[in-house]
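Chemist: According to Swiss-Prot, the protein carries these features:
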- CYS24-CYS43: disulfide bond (DISULFID)
- CYS36-CYS60: disulfide bond (DISULFID)
- CYS64-CYS75: disulfide bond (DISULFID)
- CYS76-CYS81: disulfide bond (DISULFID)
- 1-21: signal peptide (SIGNAL)
Amino acid sequence: MKTLLLTLVVVTIVCLDLGYTLKCHNTQLPFIYNTCPEGKNLCFKATLKFPLKFPVKRGCAATCPRSSSLVKVVCCKTDKCN
């Protein structure tokens, strides 16, 4: 009975995902990331459109930044997706 109760508590905590925050890359290195502050629910990656499509900026955002004629911005909502 105790095992069942403990299992239910663990499953409840995992399902509720208490205190979940988004994690986004914030450098060009793929293994470095930061936890986004409250209210910033998107990860973004800005890359040069020409010639090499090199990432110029990554981070967290409340809204997706706009692309320009030189920079393409891609936004996503899952951990480390940028």
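In case you wondered, yes, glycine gets a Cβ from its N, Cα and C as well.
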Chemist: Looking only at CYS43, CYS75, CYS81, which of these disulfide-bonded residues has the biggest number of Cβ atoms within 10 Å around its Cβ?
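Modeler: Per the Cβ count within 10 Å, the most buried is CYS43.
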Chemist: Let me make sure I understand the structure: which of the disulfide-bonded residues listed (CYS36, CYS64) has the fewest other Cβ atoms within 10 A of its Cβ?
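Modeler: Result for the disulfide-bonded residues CYS36, CYS64: minimum number of other Cβ atoms within 10 Å at CYS64.
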Chemist: Test of understanding: give the count of other CB atoms lying within 10 angstroms of the CB of CYS24 (disulfide bond).
Modeler: 23
Chemist: Just the number: how many Å between the Cα atoms of CYS64 (disulfide bond) and CYS43 (disulfide bond)?
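Modeler: On Cα coordinates alone, these residues lie 8 Å apart.
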Chemist: Of CYS60, CYS76, the disulfide-bonded residues given in the record, which has the fewest other CB atoms within 10 A of its CB?
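Modeler: Across CYS60, CYS76, these disulfide-bonded residues, the one with fewest Cβ atoms within 10 Å is CYS76.
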Chemist: Please report the Cα separation of CYS24 (disulfide bond) and CYS60 (disulfide bond) in Å, rounded to an integer.
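Modeler: Distance (Cα to Cα, whole Å): 6 Å.
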Chemist: In Å, rounded, how far does the Cα of CYS76 (disulfide bond) sit from the Cα of CYS43 (disulfide bond)?
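Modeler: Just about 5 Å between their Cα atoms.
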Chemist: Would you mind sorting out which of CYS36, CYS43, CYS60, CYS81 (the disulfide-bonded residues) have a C-alpha within 10 A of the one on CYS75 (disulfide bond)?
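Modeler: Hits: CYS43, CYS60, CYS81.
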Chemist: What does DSSP assign CYS36 (disulfide bond), in three states?
Modeler: coil
Chemist: Can you check what DSSP calls CYS81 (disulfide bond), collapsed to helix, strand or coil?
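Modeler: Looking at the DSSP assignment, CYS81 (disulfide bond) belongs to neither helix nor strand, so coil.
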